[in-house]
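**Q** The transmembrane segment annotation in Swiss-Prot covers 12-32, 49-69, 77-97, 106-126, 138-158, 165-185, 225-245, 263-285, 290-312, 342-362, 396-416, 431-451 (among others).
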Amino acid sequence: MTDLPQNVRWQLWIVAFGFFMQALDTTIVNTALPSMAASLGESPLRMHMVIVSYVLTVAVMLPASGWLADRVGVRNIFFTAIVLFTLGSLFCAQSSTLNELVAARVLQGIGGAMMVPVGRLTVMKIVPRDQYMAAMTFVTLPGQVGPLLGPALGGLLVEYASWHWIFLINLPVGIAGAAATLWLMPNYTMQTRRFDFSGFLLLAFGMAALTIALDGYRSTGLSPAGLGALVAGGSAATLLYLWHARGNERALFSLRLFNTRTFSLGLFGSLCGRIGSGMLPFMTPVFLQIGLGFSPFHAGLMMMPMVLGSMGIKRIVVQVVNRFGYRRVLVASTLALALVTLLFMGVALAGWYWLLPVVMLFQGMVNSVRFSTMNTLTLRDLPDEMASSGNSLLSMVMQLSMSLGVSIAGLLLGAFGHNQLAADSGDAHGIFFWTYLCMALIIALPALVFARVPDDISKNAVIARRKRSAS
């Protein structure tokens, strides 16, 4: 990348900062949830909506982001994304009730949904194809640093300032990023086909209705009849989309994607698998602070080994898959994640806190292997003309499953705690014990899906040899 013009390098820095803001926000909030609950006068059992509202909004808006960038221009959409994200951060910091905070997180999620995919599209347009991989490695590095800093930084701000600062720190970065985008970034546009608004609205309503209904009366305040209407409406919208997409070449996501068996298995496995693993970033800081009495900063520091393990293992994932095959790796990593989840709970409740960083490191390693393998399996056999659509659908499902996972974790805590959760008490230990047992079962279930993956590693071996010869 040394031969790139100076203005292109600045444009890559802008995209990198966008990636950093979005990645930091996905992890910095988790550590602050118990403090937010105390400040807002809410039960900690309701605070999962702060996470769900953001992640679900990202899932809903992702399919529209690429089309908007092509139609309106990458600079205009990237600028809008940063502005919405920054305004959402400001409104989050000013929120005095949970409902206000959830509404502000929705606005923040709209910006976050456009920031990363439009950033990828921007890189594709401003650098030569032979330098695309190097450029993407550069802009995604801050996105990897964000999850590493997020939990500890969130805990530090909460403990020594207030939870409002986890959102206020986005303001100077957002203002600088928005100004730099207008000044330096070109506004590339492309001829686009008509956007499938009907399909988009059906999928958006279906995802939102079913996720909200999952929270039940405890979070929504709706009557049983109202919840039933949400379930019926969400299910009907999903079925209507399937009917709408049948034989429709302009559909948001073509059903022909599912003619590829590995895509179908990988997508369904990703949905189920990320529901389980999506519980962990929410549950871990809540358990450490409410169940064990850790300070916010201490809880944030305890999350760092998980991120380090996730980053460190990535270098050998390809070799592991080439050696053992997708099926064995996915089944083994899924069952290992369930076991390490139980181990974390057991070690914590036994008071062996010195072992927790080791368990968290192993958890991050297992989770990373599983994520990377799931992603590759899902997309590897798709025809070139369907790769972009398949990748967009996978990205949407990843966000949706994480929102479902957080919702289910909140549901389990509420069910076992009878909607009451006192900090660092014997009752809290029992509540978390049964919650973690159920979580481990949910995490393990996708192994049944992955057991159906064809046991064929030849294609990966060819890819690995090409990579070695090119290096």
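Including glycine, each Cβ sits where the backbone N, Cα and C put it.
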**Q** For the transmembrane segment (396-416), give me same-chain residues lying six or more residues beyond its boundaries with a C-beta closer than 8 angstroms to one of its C-beta atoms, as numbers and ranges.
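**A** For the transmembrane segment (396-416), the nonlocal Cβ contacts are 45-46, 48-49, 51-52, 55-56, 58-59, 62-63, 207, 211, 214-216, 218-219, 267, 270-279, 282-283, 286, 430-431, 434-435, 438-439, 442.
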**Q** Cβ under 8 Å to the transmembrane segment (138-158), counting only same-chain residues 6 or more beyond its ends: which ones?
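**A** Sequence-remote neighbours of the transmembrane segment (138-158) are 1, 12, 15-17, 19-32, 35, 116, 119, 123, 165-166, 169, 285, 295-304, 307-308, 310-311.
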**Q** Check the transmembrane segment (290-312) against the transmembrane segment (12-32) for contact, please; criterion is three or more CB pairs under 8 Å, pairs 6 or more apart in sequence.
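**A** Touching, yes - the transmembrane segment (290-312) and the transmembrane segment (12-32) meet the threshold of 3 or more Cβ pairs under 8 Å.
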**Q** Using a Cβ cut-off under 8 Å, which residues of the same chain at least 6 positions beyond either end of the transmembrane segment (165-185) come close to it?
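**A** Non-local partners: 7, 10-11, 13-14, 17-18, 20-21, 25, 28-29, 32, 74-75, 78-79, 82-83, 85-86, 89-90, 92-93, 122, 153-154, 157-158.
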